[in-house]
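The feature transmembrane segment is assigned by TrEMBL to A:81-102, A:130-151, A:181-199, A:242-265, A:277-299, A:329-353, A:442-461, A:467-489, A:501-525, A:531-552. Taken from TrEMBL, the feature domain 'CBS' covers A:696-754.
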Amino acid sequence: QLTPSSFLRIGQLSNVDLNEDIHELETELPRQRPNEIPHNEKLLSLKYESLDYDNSENQLFLEEERRINHAAFRTVEIKRWVICAMIGILTGLVACFIDIVVENLAGLKYRVVKDNIDKFTAKGGLSFSLLLWATLNASVVMVGSVIVAFIEPVAAGSGIPQIKCYLNGVKIPHVVRLKTLVIKVCGVILSVVGGLAVGKEGPMIHSGSVIAAGISQGRSTSLKRDFKIFEYFRRDTEKRDFVSAGAAAGVSAAFGAPVGGVLFSLEEGASFWNQFLTWRIFFASMISTFTLNSVLSVYHGNAWDLSSPGLINFGRFDSEKMGYTIQEIPIFIFMGVVGGILGALFNALNYWLTMFRIRYIHRPCLQVVEAMLVAAVTATVGFVMIYCSRDCQPIQGSSVAYPLQLFCADGEYNSMATAFFNTPEKSVVNLFHDPPGSYNPMTLGMFTLMYFFLACWTYGLTVSAGVFIPSLLIGAAWGRLFGISLSYLTKGSIWADPGKYALMGAAAQLGGIVRMTLSLTVIMMEATGNVTYGFPIMLVLMTAKIVGDYFVEGLYDMHIQLQSVPFLHWEAPVTSHSLTAREVMSTPVTCLRRIERVGTVVDILSDTSSNHNGFPVVESNPDTTQVAGLRGLILRSQLIVLLKHKVFVERANLNLVQRRLKLKDFRDAYPRFPPIQSIHVSQDERECMIDLSEFMNPSPYTVPQEASLPRVFKLFRALGLRHLVVVDNRNEVVGMVTRKDLARYRLGKEGLEELSLAQT
Amino acid sequence: PELEPECRSLLAAFAEGSAALTGCLGRRARPVRLCQGCHGHYRHLLAQYGSIARAVGNSSESHNCAKSILTSDRLQIVVTLSEFFNETWEAANCANCLKNNSEGLSNSTEEFLDLFNKSLTCFEHNLQGQTMSPNNYTEVCKNCNETYTKLNDLYNHLQRMNRQGGESGHSAHLCIDVEDAMNITRKLWSRTFECSLPCSDTVPVIAVSSFILFLPIVFYLSSFLHSKQKKRILILPKRIQSNASLVNIQEKYS
């Protein structure tokens, strides 16, 4: 007797008749209360649709293509380049804005707190300073969290998981809207000024993508202005390509790494990659970093100095001063192992925390309160560590902007305060480049420990914030500790320069947490400005990924799974060849006839029990010998436009239609198509007939029933499809494969497992 | 082969000036008093070097001392010496505590040195009565606190003025005499006499921080106990269930 495993068929009854060979069965739905389970990561949500990346080549499209001549195509090509340039410039400007505002506001806050502490050190009453610092932090973060939680929740987090999903082809609601951009930029400024253990580089990628999606359409749906340009690009295909360029421009502005940005887009969105797209993306990222560089140089007073290509600048790593030898490679690999283990620990802790947050802290007010508490605790931890630290060091030059004397002798400053009162970016650069002996190991160790837990706690809050810089800082701190202990053990051998180990530690920790290999290697290579460091960095990142993947997956992938997004990986799970399209598809399929009654169409679209978006179109009047073969595929959005413009057969016959429907009408309604409830169809009109032949896609991709799952997966993923029709040998529709059907198969710990669908 | 007589005299004058300046710098190296004591010598040397460099003469080849003294050989000792003195003077940033025409100390420097001397006398005065308990410096701390605080404030004020005065191209340091004097005083005050501020206020800080650290625990516990856990409603997919597929997936579990 076969017993259904607990991983499959949760809450389903199925009748299995072992004596029949292939027997079509319908499941019996238990008509009790719907099955409810607490949230876990083995679910897929129904609210995520796919993007319409595949073009609908209906007659209207073919007519338009025939009308455009060669010169017009060249204009389209030039427009693409112009859009990419504009994406680069605007992304650079937004990055500048964030950087300048953060510098000024954070400087203001540090000055206020420092003056207060200085005043109260002599007089006594330092607890007031602590209260002031905690209150300042909490209030700034409260504003930042309120705008995210109440106005636009999709702007929470770093934005990289959402953009990864978008490039994968999943339509995350509201992810590339103007409101999201504004909330994201304000949110990240407020989070960093509020003193949270976060970075501002991750949100740049999201911002770049929104800018790209906005500019490439030539209009703003939120502001209701149409500039009547770039109308050719108003479809998902073009928009997704431009979003790839925007993401690359964001990476490039964040790290000063244009090639790293291109590779990031390549690694994440591998559908339909071609040379022209790569070239345009590279163009956008170069312009982005150049814009950022020149504007920041002008702002800092040395125009054309061009020394800050990204929001974070790792400083020069000279091969002479900080070279490495081949004996150090095994040490670096060991550091990669450590980074992988620590990264897996970070991810595991964050997983439990996020699960708790999703299950219990789902009301917006609770999320805001949590963010405020984290900000207050960050301030308290910082203050207590500064208070208890007796490590005083004389200040060399002006490397610290806000030195805090506290209980040190005059002329010396509290070195724990230099770690906490600096922005994290400056701390990272200091850890890389300070001469040996600048840091007390005890101070550094305590700081690493505290910051690790703070960063783990902070990621996942309802604020806009990234995780790159905290990981780099944690890694640089323990890497430097490692280098210091190494030079102590080898009694001051010259090659144990702690700055170099700080760099490797930072790479190891970041690789252990986010598990990006190719793009991260190139980003760090470009950020350090030295190609010779590429080889050890690559080894370290690969080691960290291998070790970390053994325990837990990367942070972004984990969050994507926790949000129940139907994410398709690069390939189908390896043991799935025995599954065929027949078992994977959804059936029965709601089909439409080629000439269909309006009433039927309206009823099908208004059906709330199933939210279909694609309908196969079958032959209209089959007699007994002729089969109702597949003729095409039509989308819900197209049907809605047809209903809105009342393109009925009877009306055309009566010449009531002023003009023929053109592709422009479909493009104007994109991307926010009206819902079916807003379309009014009278009783008489319900009896009219609608002819779908002109508007349907006459050549939809199909697969036969016996195609294996990997084959279906490859077709679906490589072409970026949304619907794949499964036909039998008589070209009759037997089922439909959508993203959810494919994404539910995953390679788990014990083999192939199937995820369940849930309403979220 | 030999120098002109005028050039020879210029060179001799330069040599004497360098020797005098070197002697002055060496004598006033510790404690650092070189800006106060050697600015005259330095000005004199500058003038001598200037007269060598300027001695182009009235378009007559024989009076071109600059070329024959300065750039006639590989080593160029005169240039090296002059550069050494200039760099040392720049590094010391003596310009900061001298008057504009470099003829004497500026007013703020005079004020500072005055206070400095007062502090030192105060220390000596109070230390003389320390025959009984040589390691107990409470008297010094109490009596000289006011003077020392005034000195410290003046120094911080000077530093702030210096930072505001010029950011690019200007050294971030004060002149070395002032810095060294302050350093000595601070070392005496903090290390030898141990008059630094005591670590006060421990109890209120611990109380406030424990309160703040306790708040998240309360928050998480209350949300765990009171919030309704978010449940997900499962949707049953519309699919063909065949025993073949059950067998396929089942096999992977065995």
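In case you wondered, yes, glycine gets a Cβ from its N, Cα and C as well.
Keep in mind the model is a prediction, meaning the values are calculated, not measured.
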- Item | Long-range Cβ neighbours of the transmembrane segment (A:501-525) (under 8 Å; 6 or more residues past either end) | 251, 255, 257, 259-261, 263-264, 266-267, 314, 317, 332, 335-336, 338-344, 346-347, 428, 431-432, 467-468, 471-480, 482-483, 486, 531, 533-534, 536-538, 540-545, 547-549, 553-557
- Across the domain 'CBS' (A:696-754), DSSP labelling yields 16 helix, 23 strand, 20 coil
- Tertiary contacts of the transmembrane segment (A:531-552) (same chain, 6+ residues out, Cβ under 8 Å): 317, 319, 323-324, 328-329, 332-333, 335-337, 339-341, 343-344, 347-348, 351, 503-504, 507-509, 511-513, 515, 517, 520-522, 524-525, 558
- Note on the structure: Taking every residue in the domain 'CBS' (A:696-754), the average pLDDT works out to 88
- Task: Determine whether the transmembrane segment (A:242-265) and the transmembrane segment (A:130-151) share at least three Cβ pairs under 8 Å, counting only pairs 6 or more apart in sequence.
- Result: no
- Item | Other parts of the chain folded back onto the transmembrane segment (A:130-151), taken as Cβ under 8 Å at six or more residues beyond its ends | 109, 112-113, 116, 179, 183, 186-187, 189-191, 193-196, 364-365, 367-368, 371-376, 378-380, 382-383, 461-464
- Query: At an 8 Å Cβ cut-off, counting only pairs 6 or more apart in sequence, do the transmembrane segment (A:467-489) and the transmembrane segment (A:277-299) clear the bar of 3 or more pairs?
  - Reply: no
- Top partner of the transmembrane segment (A:81-102) among A:181-199, A:277-299, A:442-461 - counted as Cβ pairs under 8 Å: A:277-299
- Note on the structure: Same-chain residues at least 6 beyond the ends of the transmembrane segment (A:181-199) with a Cβ under 8 Å from one of its Cβ atoms are 94, 97-98, 101-102, 105-106, 109, 133, 136-138, 140-141, 143-144, 147-148, 151-152, 155, 159, 206-207, 210-211, 214, 312, 374-375, 378-379, 382, 423-425, 451, 454-455, 458-459, 461, 463-470, 472
